[in-house]
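Worksheet for the structure shown next.
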Amino acid sequence: MAVTLPGPHTPTSVAGTTSPDPTPSRRRRFTWARSTPYLLIAPAIAFELLVHVIPMLVGIFMSLIQLTQFYVTNWSAAPFTGIGNYRVALDFSGPLGQQLARSFGITLGFTVLVVGISFGFGTSASLVLQRVVRGRGPLRTLFLIPYALPAYAGIITWKFMLQRDNGLLNQLLVDDLHLAHGRPFWLIGGNAFVSLVVVSVWQQWPFAFLMTMAGMQVIPEDVYQAAAIDGASTWQQVRHITLRMMRPVNAVLVLLLFLWTFREFNTPYVLFGPTPPESADLLTVHIYASSFITWNFGLGSAMSVLLMLFLIVVAGLWALWNRRVNRDA
Amino acid sequence: MREQLSFRVFRWLVLVPLGLFAVVPLYVMLTSALKPLRDVQGDFQWWPKNLTLRPFIDMWSTVPLAQYFVNSLIVTTAATVCSVVIAVFAAYAVSRYRFRGRGTFAGVILSTQMFPGVLFLLPLFIIFVNIDNALGFTFLYQTRVGLVVTYLTFTLPFSVWMLASYFDGIPRDLDECARVDGTSALGALFRIILPTARPGVIAVAVYSFMTAWGEILFASQLTNSDSRTLAVGLQSYATENNVYWNQVMAAALVVSVPIVAGFLLLQRYLVAGLTAGAVK
C-alpha cells in the first residue's frame, strides 16, 4: 500500500525523554512508562482481533472443511476436505466452477466500468471547477450529497426509478422521448447489469471528485501562470500540468476505487435482493447466496478466500508498479 | 486568466449532465414522498398532481420504522463513540511513541481493510454464538451489542491512521512542555492534543457515524426482528404484496436527513480529513 503510517518526527519519544529508565539493569523490567503505548493500542488490537483477524482465520479454516447444511449446527463434526472446496470452486468444467468464473468475469467488467466512469466524471468535474470561484461551493455540496446519503436510501430510490411500470426511466425513454418501445425491464435480464453500473457510478463518482478536487487544489497557481505566459493553451495546461501532477493522487484513488468496487455488495443487494439476475451476479452477492441461501459455508468460505487472494495480488502488483514509476520519475 | 472558448463549452458539457445525474434521484425521492399512493402506482409524474403528507404519517405504521430508527440511532452512536475513543488512544501511541511492533500494528490494521466482508461475516456469526453459549445468555448474537462491536472496528483502521497523521501535525513541543510541567501522558493527550486536534476528531466521528448508519451486509445477518436497523428495515416496505413507494421514499428521506445535515454542517472537516492522506 502506498499509504504509510505517519511516524514520529524525532526518534526519541515523549516517554523516553521525560522518564529515563532509572534502573539500567540488563533484564528489561515492566514499567508503566514503557508499557504505555501498548496499553494505548490494546483496545484497538482486541477489537480488531475479535472482529477481523480471528474470524478471518476461522474463515480460512472453514474453507478447508465440508461445512454444508448437515453440519451447520454442529460444525466441528464436519469432515475435513483439505483443498476439496477450492477444487470444486476452481473446476471450471463443473457447474459451480462455471458459475464462479462467470461471476468473476461480470465483477471484473463491472469494476472496470464503474472505476473508469467514476474516475472520468470526478476528474472532469474537478478540472472544470478548479478555477471557478462563483458557485463552486454549492455545486460541490450538490455533487457530494449522493456520497453522504446512506447507501440504501439512494439505491432504493434508484430501484423506484428503474421500475418497469411506474418508474421514471421508462416514463422518460418510452412515453416522453419515444426512444424505446414496449417498456423494457431494468431490474431483470441483461439490462440489470447496466442499471447496476449506473447506480454504482452515481454513488462512487463523488468520492473520485472529492479526491481529485483536493489534489488539484495543492497545485500552485504560478505554474499555470508561467505556462500561460509561455503561450500554453488551457488544454495544454490541463494535459501537461494538471493531469501530470495529479498522477500520484490518481494512482491511490484508482486502487482504492478498484478494491471497493470489486467487493461491492450494497448496490446489487438492495436493487435485486439476495438472488440477483444472472447478468448482475457480482462475486460478493454470489458468495453470500451460496453461503446463506444454499447453506454451503465451506464452499462460500473458499470462494471468499480466493476473492481476498485476488485483491491482495492486485494491491501487490499495484505497489510494485507504483514503486517502479516513482523510481523512474 | 483567459480560458479558451472550447474549455468553457466543455465546462457546461460536464457540469449540466453531472448536476442532473446527481439531482434527479434526490428530486424523485422528495416529490414521490409527497404523492398519494395511486400516483406512485401509475405512470410516473414529473410534476406531482396531488400533494399530501400522508406518507410521512403512514410510514411509521406500515413497518415498525420507529423501532428500526431507535436501533440504528443506538447502534450507530455507540459504535461511533467507542470507535473514536479507541482510535484516539491508538493514534496517540502511534504518533508519540516508538515501540516495538509499531510497524506491524500499522500494517495489520491497514490490511484488514482488504478483507472482503463476506469472508468474516459467517465466522463472526459463529464466534458470537459460541461466546453467547459460553456466557450462558444472549449477549452478542443478533443483538445491538454485537452490531456495535462489529461496526466500531470497521472504521478503526482509517480513524487511527487519520488521527495519527493529525496528531503528527501538532508540534511535539506543546505536549513535551506539559510533560515537563508534570502532566501525565494521558493528561497531555486530553489537555493539549485533543483540543488542538478537534477538527480531526470531528471528521473521524462523522465518518464513523456515516459508515455505521449505512452498513447493510452485516446488518442483514447479525440482527433479528428486535435489533433490526434501518438498513434492513427499509427494505421491508418492498417485500409486501403492495409496494408503498411513496412511503418508501418518505422513509428514505427521513433516514437521510440527519446524515446529510450532519455531513453538510461538518463537510469542511470531513473533506479535509478524507483527502489529507492521499494528497499529502
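Heads up, the Cβ atoms here are built off N, Cα and C, so glycines get one too.
What TrEMBL lists as region 'Disordered' is A:1-27. Under the heading transmembrane segment, TrEMBL lists A:38-65, A:104-129, A:141-162, A:182-202, A:249-272, A:292-321. For A:104-318, the entry in TrEMBL reads domain 'ABC transmembrane type-1'.
Beyond the transmembrane segment (A:141-162), the same-chain residues lying 6 or more positions past its ends with a Cβ under 8 Å from any Cβ of the stretch are 125, 168-169, 186-187, 195, 198-199, 202-203, 206-207, 209-210, 266-267, 270-271. Within its own chain, the transmembrane segment (A:104-129) is flanked in space by residues 136, 139-140, 143, 193, 196-197, 200-201, 204-213, 215-216, 238, 242-243, 246, 250, 253-254, 257-258, 261-262, 264, 279-283, which lie at least six positions past its ends and keep a Cβ under 8 Å from the stretch. Counting C-beta pairs under 8 angstroms (sequence separation of 6 or more), the transmembrane segment (A:182-202) fails to reach the transmembrane segment (A:38-65), with fewer than 3 such pairs. Nonlocal intrachain contacts for the transmembrane segment (A:38-65), taken as residues 6+ away from its ends with a CB within less than 8 angstroms of a stretch CB, comprise 71, 75, 78-83, 85-86, 297-298, 301-302, 304-305.
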